[in-house]
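This report refers to the structure that appears directly beneath it.
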Amino acid sequence: MKSVRYLIGLFAFIACYYLLPISTRLLWQPDETRYAEISREMLASGDWIVPHLLGLRYFEKPIAGYWINSIGQWLFGANNFGVRAGVIFATLLTAALVTWFTLRLWRDKRLALLATVIYLSLFIVYAIGTYAVLDPFIAFWLVAGMCSFWLAMQAQAWKGKSAGFLLLGITCGMGVMTKGFLALAVPVLSVLPWVATQKRWKDLFIYGWLAVISCVLTVLPWGLAIAQREPDFWHYFFWVEHIQRFALDDAQHRAPFWYYVPVIIAGSLPWLGLLPGALYTGWKNRKHSATVYLLSWTIMPLLFFSVAKGKLPTYILSCFAPLAMLMAHYALLAAKNNPLALRINGWINIAFGVTGIIATFVVSPWGPMNTPVWQTFESYKVFCAWSIFSLWAFFGWYTLTNVEKTWPFAALCPLGLALLVGFSIPDRVMEGKHPQFFVEMTQESLQPSRYILTDSVGVAAGLAWSLQRDDIIMYRQTGELKYGLNYPDAKGRFVSGDEFANWLNQHRQEGIITLVLSVDRDEDINSLAIPPADAIDRQERLVLIQYRPK
């Protein structure tokens, strides 16, 4: 009966965090709107080989992540949940692997359940795992690779070893098809310390070629298909998206070596108090085969991405699966021997909640700021934010009431965040970051437009997805669409600022022309270098400018 109660509690936890509140959050630009529109166009066109964004070739990522996202929209429709269904599915599958792997390592059902709950409630896992980007997919394939390699190396017979390495190759191949060749580098770097300490080089060299073969065979069908359709895909994807993004001096998202230290700290909430002990205990027990394996899969990817010049918080998502297992193992030891770390964890959560309550007041309409984050008419959003942090502090306090037994309730600290964050976003943020909000406000003006131009790729993708059309034209800026716009068949999909007046004269009689521009909050739109408009509708950071036929 206790096992049944635990399962019911786990399903309720998943429903409250990963299912029920997802539709209440509008899509964020540029990431979510971009991937939503790519998958919508894939479904609309039936082209499952070449990814397109706004009808243009889009070679920044391979195809597998778009496949999963497209299936999500196909099953659940073109809505907020449908767009995020793929990443939620991948996150839950990763959690299932955490359960299985923990159970296999320690043969303890309670430990396996706790590791799963810790993983799903980690702030970084929840934030990225309910956000429509490709990182939850690559995290799943990397964790699957971690499990496959362990299976292979623990097998006694050649059949088991062969099957494990073949499975490892498939996971690496799917990782390559999701986000590229990093899916090969990370597993190799992660297993080397374990192989070295356990002196298992012989098995690696004898069976490793099976992983190489299955990886190549996994990628080959689509790799050949896109090479035939778009011969320059692999050149662009390898040199620009890998070498330039991660290694060169002009890499995207440049950040210092220590960039991931605050990411690890914030991402470990509400279990931050367990982080030092989990890592220290893992290192102290490094002679234990399973512990050093998990520690290696936590530390090595972190070091790899720290050395790379281009950095984003999402890159290290896969590190938190083995870290959650180490945390759960350490937490049970602490509860049994010395619960100091569990008490510290409770106080950290109380401090975080109280700090959030105070910060919310400071930026509220009743605080000391001259330009508050929320306006007076958004009072209910302030109370939602207070509720988020109040619940965080409350469950932090509750874990201290009988810490040896109540410490797992720290998993409920982000409950308010999960349920209420969609209702607490300030309008000033929504107007710039949620194109759906803008579309809702301007639907009647946008719908009959013959041409729609915008100066932001994220806004363009949001408009395209909301209006179910891929013919949005880029104005003044090309952004990440620069490469796709260079193709001859993309002529007419970009209008520069200098050309706009002439372009307008040529196309005005064809129907309503709508210009959607991103502007600064205090910018005077009358100073924009554009022809006089027939209608202007400003929604704070976004402004709709319309020209009607004369």
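Placed from the backbone N, Cα and C atoms, the Cβ positions cover glycine too.
These features come from Swiss-Prot:
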TRANSMEM  7-27  transmembrane segment
TRANSMEM  81-101  transmembrane segment
TRANSMEM  111-133  transmembrane segment
TRANSMEM  137-154  transmembrane segment
TRANSMEM  165-185  transmembrane segment
TRANSMEM  204-224  transmembrane segment
TRANSMEM  255-275  transmembrane segment
TRANSMEM  288-308  transmembrane segment
TRANSMEM  315-335  transmembrane segment
TRANSMEM  346-366  transmembrane segment
TRANSMEM  382-402  transmembrane segment
TRANSMEM  406-426  transmembrane segment
Which of 7-27, 111-133, 137-154, 288-308, 315-335 has the most Cβ pairs closer than 8 Å to the transmembrane segment (165-185)? 137-154
Grab the same-chain neighbours of the transmembrane segment (315-335) for me: Cβ-Cβ under 8 Å, and only residues 6 or more beyond its ends, written as numbers and ranges. 94, 97-98, 101-102, 105-106, 110-111, 114-116, 118-119, 122, 124-125, 128, 135-136, 138-139, 142-143, 146, 186, 260, 263-264, 267-268, 271, 274-275, 277-279, 281-282, 291, 293-295, 297-299, 301-302, 305, 341-342, 403-405, 407-408
Taking the transmembrane segment (255-275) as the first stretch and the transmembrane segment (111-133) as the second, find out whether 3 or more Cβ pairs fall under 8 Å, excluding pairs closer than 6 in sequence. yes
Using Cβ distances below 8 Å and needing 3 or more such pairs, separated by at least 6 in sequence, tell me whether the transmembrane segment (406-426) contacts the transmembrane segment (111-133). yes
Which sequence positions outside the transmembrane segment (204-224), separated from its termini by at least 6 residues, show Cβ-Cβ distances below 8 Å to it? 49, 62-63, 152, 161-162, 164-170, 172-174, 176-177, 184, 191, 195, 234
Near the transmembrane segment (111-133), which residues from the same chain, at least 6 beyond its ends, have a CB less than 8 A from one of its CBs? 6, 10, 13-14, 17-18, 22, 25, 27-28, 31-32, 35-36, 69, 83-84, 86-88, 90-92, 94-96, 98-100, 102-103, 263, 266-271, 313-314, 317, 320-321, 324-325, 327-329, 331-332, 408, 410-414, 417-418
